[in-house]
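As recorded in Swiss-Prot:
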type     : residues : note
TRANSMEM : 1-21     : transmembrane segment
TRANSMEM : 26-46    : transmembrane segment
TRANSMEM : 52-72    : transmembrane segment
TRANSMEM : 92-113   : transmembrane segment
TRANSMEM : 117-134  : transmembrane segment
TRANSMEM : 139-159  : transmembrane segment
TRANSMEM : 181-201  : transmembrane segment
TRANSMEM : 225-245  : transmembrane segment
TRANSMEM : 246-266  : transmembrane segment
TRANSMEM : 277-297  : transmembrane segment
TRANSMEM : 319-339  : transmembrane segment
TRANSMEM : 410-430  : transmembrane segment
Amino acid sequence: MTSMILAVFIFLLTLVLVIWQPKNLSIGWSACGGAVLALIAGVVNFHDVLTVTGIVWNATLAFVAIILISLILDNIGFFEWAALHMAKAAKGYGVRMFVYVSLLGAIVAALFANDGAALILTPIVLAMVRALHFNEKLVFPFIIASGFIADTTSLPFVVSNLVNIVSADYFHITFIDYASRMVVPYLFSLLASIIVLYLFFRKSIPKRYDLTEVKKPVEAIKDQNMFRLSWYILGLLLIGYFASEFFSIPVSVVAGSIAIIFLIAAQKSPAVHTKKVVKEAPWAIVFFSIGMYVVVYGVRNAGLTDVLSDVIQAAADQGLFAGTIGMGFIAAILSSIMNNLPTVMIDALAIAGTDTHGMMREALIYANVIGSDLGPKITPIGSLATLLWLHVLSHKGMKISWGTYFKTGIILTIPTLLITLVGLYIWLLIIHSCF
């Protein structure tokens, strides 16, 4: 009983420090501090630390590499170029631009992770719609769409979200196996997200805008040579992802190698300050992931994940549909309350403790990922990316209160989550009946 109380106390204390970040305390320090406390208290041992490090090292380093690549692309104007093309392609129609910007966000989230989409694309979209002289009421839908779509469409590939990488690594799921299960739910989520966003904001989206106010996409490019090279880098990255499975190469090695090549090339570019790019990379995530997982392992050692295993087992016993929907909403609710990274870790441990196999086990694993990817949009504390996204927006004069965020988030997230989980359920039935 004492170890259980200690494990819960250390977990909650670490979580509060991570979310609150008093005096700008790094999330890495908070999580590692919690891990040290867990070691001192005896709720984990050094063998647990080694086990955890073995689980998360690939995930975190791959994530850092993807963000490094996206930061270089941002520096050379790649994402602004893409956003301006969307605005031009919409030909002055507001709703069309709203949809196109959402589609761009979905592509960026899929290839460059949700954090890259939310933190890089949102300021570009904000600057673009302000340049079109939209008032704040008309700007709001585009900003929320950029942030919302970044998480709801970060499903299709292992590298699209740190949550995905952590879960795939824990259950030893390869890049192709993961994509084969999640690309279809991703399409469900994308379609549902755009429909829900449009229905919610339809009265606030301008019918028309002045196309002459949109600058030429080519003007956004700050280095033509690096811009041309970036297409080869992206092609190499995609080939590397798929090839990694056949050669049993960790995704982090593929992404990391390409990030290093891109960084070396960027040193010659006047548009990219490589030292600044390296400094801006989310290195704290490495220490946060290891430290937080150690703390979560303490909760597991205390037997609390067994309780969650029983709840998940009860849902699974009701059949595939109930198991899929139940697991997804459990993950979403927990993510919205205590952040999605600890949630996906705890849920993975709990799923491993259930008596499930085959299609049911797959449904639980992928529903957990979906819930942990989408659930954070319900509350501002659901993900670190959302907290940082709100902070970036406030610095650019776009303040969104937690109340406004929650009211908007819960209305948008619940139907999107349900539709995506139904998509997963249908796709798993098709896969297992046809192949």
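Positions of Cβ are set from backbone N, Cα and C atoms, glycine also.
Remember, predicted model here, so these are calculated numbers, not experimental data.
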Other same-chain positions with a Cβ less than 8 Å from the transmembrane segment (319-339) and lying at least 6 residues past its termini are 15, 18-19, 308, 311-312, 346-347, 351, 356, 359-360, 363-364, 367-372, 374-376, 378-379, 381-384, 413, 417-418, 420-422, 424-425, 428-429
Please indicate, using numbers and ranges, the residues of the same chain that are 6 or more beyond the transmembrane segment (246-266) and have a C-beta under 8 Å from a C-beta there.
57-62, 65-66, 68-69, 72, 75, 158-159, 165, 175, 226, 229-230, 233, 236-237, 240, 272, 274, 277-278
Cβ under 8 Å, sequence separation of at least 6 from the ends of the transmembrane segment (139-159): give me the contacting residues as numbers and ranges.
62-63, 66, 98, 101-102, 105-106, 108-111, 113-115, 117-118, 121-122, 125-126, 129-130, 165, 168, 173, 175, 178-179, 182-183, 185-186, 189-190, 192-194, 197, 201, 204-205, 241, 251, 255, 369-370, 373-374, 376-377, 383, 385-386, 389, 393, 398, 400, 408-409, 412-413, 416, 420
Counting a contact as 3 or more Cβ pairs under 8 Å, with residues at least 6 apart in sequence, do the transmembrane segment (181-201) and the transmembrane segment (92-113) touch?
yes
Same chain only, please: residues at least 6 beyond the ends of the transmembrane segment (410-430) with a C-beta under 8 Å from a C-beta of the stretch. Say none if there are none.
144, 148, 152, 155, 181-182, 184-185, 187-189, 191-193, 196-197, 200, 320-321, 324-325, 328-329, 332, 359, 362-363, 366-367, 370-371, 374-375, 377-378
Annotated stretches the transmembrane segment (26-46) and the transmembrane segment (277-297) touching (3 or more Cβ pairs under 8 Å)
yes
Same-chain residues at least 6 beyond the ends of the transmembrane segment (92-113) with a Cβ under 8 Å from one of its Cβ atoms are 63, 66-67, 69-70, 73, 79, 82-83, 86, 120-121, 125, 141-142, 145-146, 149-151, 153-157, 159-162, 186, 190, 193-194, 197-198, 201-202, 205-211, 234, 237-238
Positions on the same chain near the transmembrane segment (117-134), where near means CB under 8 A and six or more residues out:
70-71, 74, 79-80, 83-84, 87, 101, 104-105, 108-109, 142-143, 146-147, 149-151, 154, 206, 209-210, 213-215, 385-386, 388-389, 392-393, 396, 398
Which sequence positions outside the transmembrane segment (52-72), separated from its termini by at least 6 residues, show Cβ-Cβ distances below 8 Å to it?
79, 108, 112-113, 115-116, 120, 158-159, 162, 165-166, 169-170, 226, 230, 233, 237, 250-252, 254-256, 258-259, 262-263, 266, 272, 277-278, 280-283, 285-286, 289-290, 293-294, 297
